[in-house]
Amino acid sequence: MFSAENLISVGIAALLTAGLYAIMSYGLAIIYGVMKVINLSNAGFLMLGAFLALVYFQRWHLDPVLGAFVNLPIFFAAGWIVHRLLVRRVVTALPIASLLLLFGLWLVLQNLALAVWGGEDQSIITAYTYKALPVFGFRIPVTRLIVFGVALVVLSILHFALGHTYLGKALRATVQDPVAGLLVGIDTEQINAMAFGLGTAFAGFAGGLLTLLFSFNPDFGGTFQLKSFTIIVLGGLENLAGVTVGAAILAFAESYAVLFMRASLQNVIAYALLVVALIVMPGGVAQLLSRRRT
Amino acid sequence: MPAARASLPSAFGLVLLLALVPVLAPGNITLLNLGFLTFLYVAQGVAWNILGGFAGYVSFGYAAFYGLGAYTTALLWLAGWPPLLTYPAAGLVAAAFSLIVGGPTLRLTGPYFSIATIGVGEAMRILMLNLDRITGGASGLNLPTAVPSKAWFYLLALLIAAAAFTVAALVRRSPFGLGLQALRMDLEAAEGLGVRTALFKNLAHTLSAFIVGACGGLYATYLQFVHPDTVFSFTQSISLVLITLIGGIGTLWGPVLGAAVFYAVQDYLQTSYPTFHLLVYGVLLILILLFEPRGLVGLAGRLWRPLAAAVSRGQAGAGAGRTG
């Protein structure tokens, strides 16, 4: 069980999972970073992204990877509208108000999907779903490689955009200090709407990609959402680059833990890490507290 | 709330009125079932409100207390205890667990506490599913079939709801309740004024966990079956959040009104659209957060401003009774 070969193959699986985790957590991290809003509706948009990918696939035989890219502008617009109509009105209230509001939105999305598509599990089977590629002697499912590759490319583009464009810099400045951002002439209201749109776009994108690996139903997303929280907390909450680190920590912890415990207990690791990280990570929590008071 | 002083006498009158139902209509099983489940939710909503409403700590993890209570009663019942004796034990187990998780998690503020409670609640559900030697795992546990009558359950749930309401009303008026409200408004200022915030938060958490645990026990005997996926479910946790927020968070009558509406809507929609009620609650929750943070109680007060006192004293109570 603990042979070198086994450990390496678990390591590869963990690395591939980390890419998936990073792409699904970025949306949450951007919205939290810019607005200090915990977006509980992320799971709802993730689920919708998966269902839309299914619709494209059934109607136009569109590959789910392309479907995920088609989702980007649609969900950006949806996020923008949600921000204009709902979130904008509660961001000045207590932080719990926005969390509960977006929780209400999650319930609405979930049950609308239930009304439209029913509760059965859906899946997308493409020509390459069951194929595997040999890499250094290990057979790796093609779908996992695709998801990892796409995640890597998209995240690289995001990092470049955050570092080298005006919008990216304005967004990062707002993450660091919204008031100072306002002082140097950044339209933070606009940045907030952008961030919410971008975050939602990432949720829809990740949802589309996830259809390559998992079956889904309207309840889809809850588990991933909680894992995403674990990841952004581990990554230091305000640190967008930390998402990648958090995703890697969680993916490796989960993958190797399965060698020691029942596979059905795997999700407990993420939840336990979430609670522990929230409580004992002094950097993250202390930062949060000081931010909330100002 | 100007009517707060009159809350206990009017609640007492309402309870007496509702207690007549099994006497007048002992054969109406549908009504007795509806009443039982509504009272069970009233008790839990009122209990949740002590921490979530008075102190402002919104927990998404109360299913852990409900589930632990249900399983405590189930296991003791199977071991030969009379059901009535298991309920306090169920409450105590839930309360003990609340102390263990409350110690660390209640240090978190606002939304971070909420997120942590989702983690705790879901972790408990998965752990219980995997402890199949004790909990029956994914097949659940069948319990004895010899149970008291529906009227007995109805009256006991009414009693628990009334007791929970009395506790909440007393807490609200006490220095303890004022301390909770102070720490909700400003934790540091409350601490500066000498409120023992850590103690108060944990006390509120434990008190409400005890009530919810006892409710879980009562539910286990009523259903004669327990399953980790129902009693520890996330849906169970969010029901309490929705009941209290829709009724009116932080108010005394809010959870009562919220539970009555919650169960009436669920019962009405369940036959035609099994999970459609959650859509309704989602929309209601959004509207309430945007326009009327004090929920239905606040809405009632706003609609009949001139009659506000009479509404919250008389009609809100009678309305809750009619729908329940």
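One is the number of the first residue shown, and numbering goes on along the chain from there.
Keep in mind that glycine also has a Cβ here, set from the backbone N, Cα and C atoms.
Of the given residue ranges B:32-51, B:112-131, TrEMBL assigns the label transmembrane segment to B:112-131. The transmembrane segment (B:57-78) and the transmembrane segment (B:6-24) are not in contact, since fewer than 3 Cβ pairs between them lie under 8 Å (pairs 6 or more apart in sequence). Sequence-distant contacts of the transmembrane segment (B:203-226) (same chain, at least 6 residues past either end, Cβ-Cβ under 8 Å): 36, 40, 43-44, 46-51, 54-55, 57, 59, 62, 65-74, 77, 83, 86-95, 97-99, 102, 106, 135-136, 140-145, 147, 153, 156-157, 160, 163-164, 167, 171, 176, 180, 240. Of the two recorded stretches, the transmembrane segment (B:112-131) does not lie close to the transmembrane segment (B:152-171), with fewer than three CB pairs under 8 Å once pairs fewer than 6 apart in sequence are set aside.
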